[in-house]
Amino acid sequence: MQPTSTTTKHIFVTGGVASSLGKGLTASSLGALLKARGLRVTMQKLDPYLNVDPGTMNPFQHGEVFVTNDGAETDLDIGHYERFLDVDLDGSANVTTGQVYSQVIAKERRGEYLGDTVQVIPHITNEIKHRIRRMAAEDVDVVITEVGGTVGDIESLPFLETVRQVRHEVGRDNVFVVHISLLPYIGPSGELKTKPTQHSVAALRNIGIQPDAIVLRADREVPTAIKRKISLMCDVDETAVVACPDARSIYDIPKVLHTEGLDAYVVRKLDLPFRDVDWTTWDDLLDRVHNPDHEVTVALVGKYIDLPDAYLSVTEAIRAGGFANKARVKVKWVTSDDCRTAAGAAEHLGDVDAICIPGGFGERGVDGKVGAIRYARENKVPLLGLCLGLQCIVIEAARSLAEIPDANSTEFDAATSHPVISTMEEQLAYVEGAGDLGGTMRLGLYPAKLAEGSLVREAYDGQPYVEERHRHRYEVNNAYRSELEKKAGLVFSGTSPDNKLVEYVEYPRETHPYLVATQAHPELRSRPTRPHPLFAGLVKAAVARQVAAAKGADA
């Protein structure tokens, strides 16, 4: 089909009734479907909170911080967008109320409004519009914008008003609004109730937005009669009322939406050029998801495990490592404090096939991570350390093998006599309180050179140089590198190109099958269809250990 318009189309995704309905996953799945139809798609998230970015927010409140190549600290939904579309987004993909108000106030102080009374309309909405419209580049067919929060929230009102204005300005034929709503199930009556969705759509229409499609989230199948009722009461075509019950895997969602006809309805309504969906890559992924040859357990040892979203990209990268090895990975959540003692580590890690030590901040939980690393090293359990995980491996090596029992990081003990981990020189002022903490870490994509013959270079398919995303203030203290190599046998297998910063450490394969760590956050570049090599290597080692144990038991 040939295009009838060269105008970039906008799809806005809103949510109603309750939060955490999966707006980001639904938007990402729709984006993946449109991309599979040959369209050029980009995505954006509008977040209503007043923080400039989530970089200084508590992970228990917000979940993980997703860092882009250009160093922006963004919402975890940006990670969903990158994984489902297999694209690299930049900081413009995440817009917050804090950013918008900061920019408007800065313009007012510079006198750019020429004495106008600065108001939400038009100044705030114009700034939001600018950030939406700049996504509509020449090489983009569709911009999908997720509006954070729930319809009815006071914080979301300026964003929803902006959506209404964008629809008015670019033309109704160029804008499509998808509203995601909850169908609660009332047990005693045995019914899915439509009234909350009707009220949610009514609230959206009060703002001036009529949804073009409604996605119904439920914990069970949605009867056709329910869809017809919502179509009638909410004035939406019956074919545009889409049921999206809970799926076995998040990677099933594109198939669910396609079966319900959402992508076909969107391209028809927006008059987009398209081809049939190419399922080649996605079908291979789903085969690996649902038909594994192995099943392994990987312990994730962290301090924020009460909120799994704090480690969302890590768990998805671990599972993708499983996809690379035709293995289903069960993630076992282990509170780091439970591994402080040898007995505690053995109790909580004795039944796992591999261990992952993710990043984090602050002293709490560090001794437990060190204990988990000691257990993995002594028992030859495959282990991957990320960011703080690398630093804990260095601390454990110094304490246990290099005869430096009081080795520590200046993050946890500023007066430590043996700072094997220390503050990066350019970060000293921020740590000492002379500058803002937000947005000042070593952030974004940085190169590293890998040692020949190392496990990490082998994992990266022999590449001498690689690039990964970073988010940290502390680094391995170079004054201890030689001592750790000689006494502990630790290999510094990757450094910055100038050799000043340690980026990768490992133990030789003769010492341990797979104990590897990086100062970076490789989980941020993992894709379900392109698993990251370090996570693929971890699961490969886990499968090998499991197979070897089974053979030993049979002998």
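Cβ atoms here come from the backbone N, Cα and C positions, even for glycine.
According to Swiss-Prot, the feature active site, nucleophile maps to Cys387. Cys387 (active site, nucleophile) falls within neither a helix nor a strand when secondary structure is assigned with DSSP, and so counts as coil.
His521 (active site) counts 24 other C-beta atoms within 10 Å of its own C-beta, drawing on all protein chains shown. In the three-state DSSP scheme, His521 (active site) is classed as coil. Positions annotated as active site by Swiss-Prot: His521 (among others).
Annotation source Swiss-Prot lists active site at Glu523 (among others). For Glu523 (active site), the same-chain residues lying six or more positions away in sequence with a CB closer than 8 A to its CB are Ser313, Val314, Glu316, Ala317, Pro358, Leu386, His532, Phe535.
What Swiss-Prot records for Ser19, Lys193, Thr194, Lys195, Pro196, Thr197, Gln198, Lys229 is UTP binding site, and it gives sequence analysis as the kind of evidence. Taking all protein chains in view, 27 other C-beta atoms sit within 10 angstroms of the C-beta of Thr197 (UTP binding site).
The number of other CB atoms found within 10 A of the CB of Pro196 (UTP binding site), across every protein chain shown, is 15. For Ser19, Asp153, Ile154, Glu155, Lys193, Thr194, Lys195, Pro196, Thr197, Gln198, Lys229, the entry in Swiss-Prot reads CTP binding site.
Around Asp77 (ATP binding site), the C-beta neighbours below 8 angstroms that are at least 6 residues distant in the chain are Lys23, Gly24, Ala27, Ser28, Lys45, Phe66, Glu146. According to Swiss-Prot, the feature ATP binding site maps to Ser20, Leu21, Gly22, Lys23, Gly24, Leu25, Asp77.
Per Swiss-Prot, Mg(2+) binding site is recorded for Asp77, Glu146.
The L-glutamine binding site annotation in Swiss-Prot covers Gly360, Leu388, Gly389, Leu390, Gln391, Glu411, Arg473 and is backed by sequence analysis. In the three-state DSSP assignment, the secondary structure recorded for Gly360 (L-glutamine binding site) is coil. Taking Cβ-Cβ distances under 8 Å and a sequence separation of 6 or more, the neighbours of Gly360 (L-glutamine binding site) in its chain are Gly302, Lys303, Tyr304, Cys387, Leu388.
Swiss-Prot lists 297-548 with the feature domain 'Glutamine amidotransferase type-1', giving sequence analysis as the kind of evidence.
Mean model confidence of the region 'Amidoligase domain' (1-272) amounts to 93 (pLDDT, 0 to 100 scale). As annotated by Swiss-Prot, region 'Amidoligase domain' applies to 1-272, with the evidence given as sequence analysis.
Ranking the binding-site residues Lys23, Lys193, Lys195, Lys229 by how many other Cβ atoms lie within 10 angstroms of each Cβ puts Lys195 at the bottom. Within 10 Å of the C-beta of Glu146 (Mg(2+) binding site) there are 27 other C-beta atoms, taking all protein chains into account.
Note: the CA-CA distance between Lys195 (UTP binding site) and Arg473 (L-glutamine binding site) rounds to 50 Å. It is Ile154, among the recorded positions Ile154, Cys387, Leu388, whose Cβ has the fewest other Cβ atoms within 10 Å in the structure shown. Sequence-distant contacts (6 or more apart, same chain, Cβ under 8 Å) of Gln391 (L-glutamine binding site) comprise Ser409, Ile421, Tyr474, Val476, Gln519. According to its DSSP assignment, Glu146 (Mg(2+) binding site) is in a strand. Highlighted in sequence order, Gly359, Phe361, Cys387, Cys392, Ser409, Ile421, His472, Tyr474 have their Cβ within 8 Å of the centre of the Cβ atoms of Gly360, Leu388, Gly389, Leu390, Gln391, Glu411, Arg473, the residues recorded for L-glutamine, and are not part of that set.
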